Amino acid sequence: MTGFQRIAVLGSTGSIGESTLDVIARHPDRLGVYALSAYSRMERLAEQAVATGAAVVVVPSDDARARFLAAWPAAARQPDVRVGSEALAEVAAAPECTTVMAAIVGAAGLPAALAAARSGKRVLLANKEALVAAGALFMAAVRDAGAELLPIDSEHNAIFQCLPHGGRAGAPQAPARGVRKLILTASGGPFRRHDPADLENVTPEQACAHPNWSMGRKISVDSATMLNKGLEVIEAHWLFAMPADRIEVVIHPQSVVHSMVEYDDGSVLAQLGQPDMRTPISYGLGFPERLESGVGPLDLTRWGRLDFEKPDFERFPCLDLSFQALRAGQAACITLNAANEVAVAAFLEGRLPYTWIPRVISAALEWQAGLSSVTLAGLDDVLALDVAVRRFAGDLGTA
Ligand code: NAD
Ligand code: MG
């Protein structure tokens, strides 16, 4: 994209949001903030709005608005404070905005991400749950509106970098020519070597202690169960129009190789770097150019060796459930994601044992498979099934 980018950072107080603001601040000549949004931590949102000079902020409720205004320093020029999820989608589609960082966690981020695609923005997509719930709808919107779609998830950003793209970032309808398969790397999370029998009493703090990446709590739990890698397989299927049987997962505990593309001639291209999300974020912001990101050089001699191993589907049942959902279709993918969001929230609040997360997902998938017929023609249908799954999963004793 040539010219100055005016960016809406949706989910600005989160891990990806903070990293995005860090990169933007390094390039005042070409990047600026148009809007910010957060669901909680209004004091932090106010600090960010002062620092970036955001014209608009979006908060979830009137109460949050009052807290934001109470935290606002009298001397600074106040931004336009908008309330609610419809305002999020409006901001994402606003003509004042060129670029949207979709960094809200969960399916809650879907309507705004879709609005950004439908209005032809440059969309930096971190919110993988949006693609899992509505991949076909989202990719069609990118295509129809001529939006630019840059994957921010480190694996997909790596794959994008290793694929031929001719300087364009859109929505492919078929796998790139000459590509045999995509290889997603996974760290294996904090429980890679644990005996599954010892996981019953795992605490949220243990599950969130990721060995390599510093991330929000939901994705950290997803990394421990490897449901995160399952969501990423589904994400890769949509982003790169790749069938499930040509997407492979490999455990790579050092998280230095961010993912790989295998070609028909036997070549394998990989993208390497430090595990720091500012690299994929700056790639998305600068595309097709490279921007300074604040990430230091990768010293491979410090690592000495890089390890790779096959994932154990019995140890990580969530990975198996994800492949099953992808093969079963969109309703199953919506179910997988929504049931997982409910189960992970219950686990983080101490209401559900860690080992019950795959059980809740599995029960929800069985329930969904037994439903007579589900029409998924548009966003409303997707959100209606998402709500129904949450109700079912909640009734299992997780809410
Ligand atoms: P986080 O929990 O740190 O931040 C989430 C942000 O979304 C916060 O600003 C929060 O206020 C906002 N939010 C939460 N619930 C909301 C709701 N219902 N409505 C509106 N806003 C809401 O999460 P994160 O780690 O930054 O992850 C964000 C997204 O990026 C997720 O989809 C995650 O899977 C993806 N992602 C994150 C990383 C990472 O390194 N953190 C890497 C790859 C992909
Ligand atoms: Mg990832």
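Cβ atoms are placed via backbone N, Cα and C, with glycine included.
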Further binder of NADPH named by TrEMBL next to THR13, GLY14, SER15, ILE16, ASN127, GLU129, taken from the candidates GLY189, GLY216, GLY230:
GLY216
Co-listed 1-deoxy-D-xylulose 5-phosphate-binding residue [TrEMBL; alongside LYS128, SER154, GLU155, SER187, SER223, ASN228, LYS229, GLU232] among HIS165, HIS210:
HIS210
Within the domain '1-deoxy-D-xylulose 5-phosphate reductoisomerase C-terminal' (149-240), count helix residues (DSSP H, G, I), strand residues (E, B) and coil residues, in that order.
40 helix, 11 strand, 41 coil
Measuring Cα to Cα, how many angstrom lie between HIS210 (1-deoxy-D-xylulose 5-phosphate binding site) and ASN127 (NADPH binding site)?
19
Cα distance (Å, whole number) from ILE16 (NADPH binding site) to ASN228 (1-deoxy-D-xylulose 5-phosphate binding site):
16
Listed binding-site residues are THR13, GLY14, SER15, ILE16, GLY216; which of them have CA atoms within 10 A of the CA of GLU232 (1-deoxy-D-xylulose 5-phosphate binding site)?
none
Cβ under 6 Å from ligand 1: which of the binding-site residues GLU155, ASN228, GLU232 qualify?
none
Determine, for the Mn(2+) site, the additional residues of the same chain whose CB lies within 8 Å of the mean position of the CB atoms of ASP153, GLU155, GLU232; present them in sequence order.
LYS128, PRO151, SER154, HIS156, ASN157, LEU184, ASN228, LYS229, LEU231, GLU235, ALA236, SER259
For GLY14 (NADPH binding site), list the number of other Cβ atoms lying within 10 Å of its Cβ atom.
24
